[in-house]
Structures are given as C-alpha cells and as structure tokens.
Amino acid sequence: MAFFSSTLTTPQTGEVPRHIAIVMDGNGRWAAHRKLPRVAGHVRGLDAVRNIVDACVQRGVEYLTLFAFSSENWRRPNEEVSFLMRLFISALEREIDKLHESEIRLRVIGALDAFDAFEPRIQELVRAAEARTETHQRLTLTIAANYGGRWDILQAAQKLAFERLLLGPTAFASPFKEADLAPHLSMVYAPEPDLFIRTGGEKRISNFLLWQLAYTEFYFTDKFWPDFDAEMLDLAISEYQKRERRFGRTSAQVRPNSGHLF
Ligand code: FPP
C-alpha cells in the first residue's frame, strides 16, 4: 500500500485541511461547570462529534481523526471507563446506518484486543462497521480507541522486525528506513494530519499521533469539547489558512513572489 510522508516528500496542501485530527478534551469540566456528573459531558461530547462530522463533510475535509479513548484513559475510575465503553457501543450501533448513508468510511485504530477482556462486543461491532463502510470516500472518520502514539510506533516496529526475521538474519544488516516502518503504522491509509485541534485549554499532544504529527499545524482552544461547533471549526480552519507550511523549506521557496530573499 502506498503511504504518505511529510519528511520523505513535500505534501501538496490546499485551503481546506485534507486531514483534521482532534483531541476532544474538556467533557468532564463542561459537566462540572453545570454541576452535572462527568458522564453527562461525554454524552454532550458525542453530540459535538456528530456536528463536527457533518461540518467536515460540508467543508470537504477528507479525513477526520478523533481521540476517543487513550491507552492512559484506563486509569480513570471504573464507572467512567464502563460508561465510555457503553457510549461507544451504542454510538456504533445507532450511527452506523447514518454513516453508511452519508458515504462515510469508519475506521477504528488502537489496541482493540484489550477491549476483549472488558467488552467483547466492541471488536465485533467495529469490524462489522468498518467492513460495511469500507468503500465510502466522502469522509474517512477514524476513531482512536485504546490508542497511544508510542503503542502505534512499537507495534509497527514489531511487525517490521517480524517481516525481516522471515527474510533471514542478513535482512537485519541494513538499517530500518522510514519507508520500511510507515506501512505498518495504523493510519497508513491516510495522509498525515494537516491540522491538529485540541479543545479544553491544555496544550499538549497526550500521546496522540506522535509519528503522524511531524509537520502538522497545531490549534488550541479553551472551549470545552461539548461546546465546540461548526463555527469554531471554521475559526480553526481560518487560523490554519494563515500558516505558511514550509516543510523545512524557506519562505522564498514556498512563495517565490513574496519578496522574501530567504
Ligand atoms: C476527554 O474529556 C474526553 C474523553 C476521554 C472521551 C471522549 C469521548 C467522547 C467525546 C464521546 C464519545 C465519542 C465517540 C466517538 C463514541 P475529559 O473527560 O478528559 O474532560 P476533562 O479534561 O474536563 O476532565
């Protein structure tokens, strides 16, 4: 499978980000501000997911990747983890018809086998939903669940090492190259994100797509995720449009008529 790399080639970019990745933070605080239980924030967070998926389709975004549950979220209280699992299951059951009708391809990335011990139905639902929407091209919606950027790089390295092992010991003599590892990463089917958005006021990546964010533009907002709507998405996109994406080049190379000497 062909893969995309911002370090091996210089990607073509347009006005509308082709791929947006979002850390949907602030559900708990949204609820706390309203004296509601934290889980109420997750329910409203799911409403925001629906709105942003629609908004991305309308704006011609091709890939939307959402961080729904990190490898580290298992550290939360059991009741909250169970609630998030049930919310994920009911969302998969309820939304799949709509995703299919809207020609949206669903992908789920992360160590899904860990859910087996916890909620065996998840894997089954995920695989069925992915298979049903596989051929759609309007938008690829990726949900990162039990995902961690380090996990992703490690699982890719393990697959690459196994591939080399099958070729015999001499295959280890040449160094691993980016082009060898990249096909094993879980988002091989997507270009790297153009725009990374994090809601909820924190300014960190939190072990999201560590490899894929190499040349992504970052946008942070204090808004809590349940309040993030199409208008705020447009603000993030207009901020993105002001950025000069150089991918290591000089301004003069990127915009030869800009008057920049370097
Ligand atoms: C972070 O807010 C949010 C999560 C860990 C869960 C995200 C889940 C959803 C948006 C709803 C379900 C989505 C899908 C795709 C089924 P937080 O709880 O860390 O908020 P806080 O920082 O204010 O405590």
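Note that Cβ sites are derived from N, Cα and C of the backbone, with glycine treated the same way.
Predicted automatically and left uncurated, TrEMBL annotations should be read as such.
Pulled from TrEMBL, these are the features on record:
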BINDING   Asp25, Glu217  Mg(2+) binding site
ACT_SITE  Asp25  active site
BINDING   26-30, Arg38, His42, 70-72, Trp74, Arg76, Arg198, 204-206  substrate binding site
ACT_SITE  Asn73  active site, proton acceptor
Among Asp25, Gly28, Ser71, Ile205, the binding-site residues whose C-beta sits under 6 Å from ligand 1: Asp25, Gly28
Secondary structure of Ile205 (substrate binding site) (DSSP, helix/strand/coil): coil
Fewest other C-beta atoms within 10 angstroms, as judged across Asp25, Glu217, which are the binding-site residues: Glu217
Binding-site residues listed as Trp30, Trp74, least Cβ neighbours within 10 Å: Trp74
C-alpha spacing of Asn73 (active site, proton acceptor) relative to Gly26 (substrate binding site), in angstrom: 14
Same-chain residues at least 6 apart in sequence whose Cβ lies under 8 Å from His42 (substrate binding site): Asn27, Phe83, Leu84, Leu87
Binding-site residues compared (Gly26, Gly28) - the one with the fewest other Cβ atoms within 10 Å: Gly28
Cβ atoms near Ser71 (substrate binding site) (within 10 Å, other residues, all chains): 19
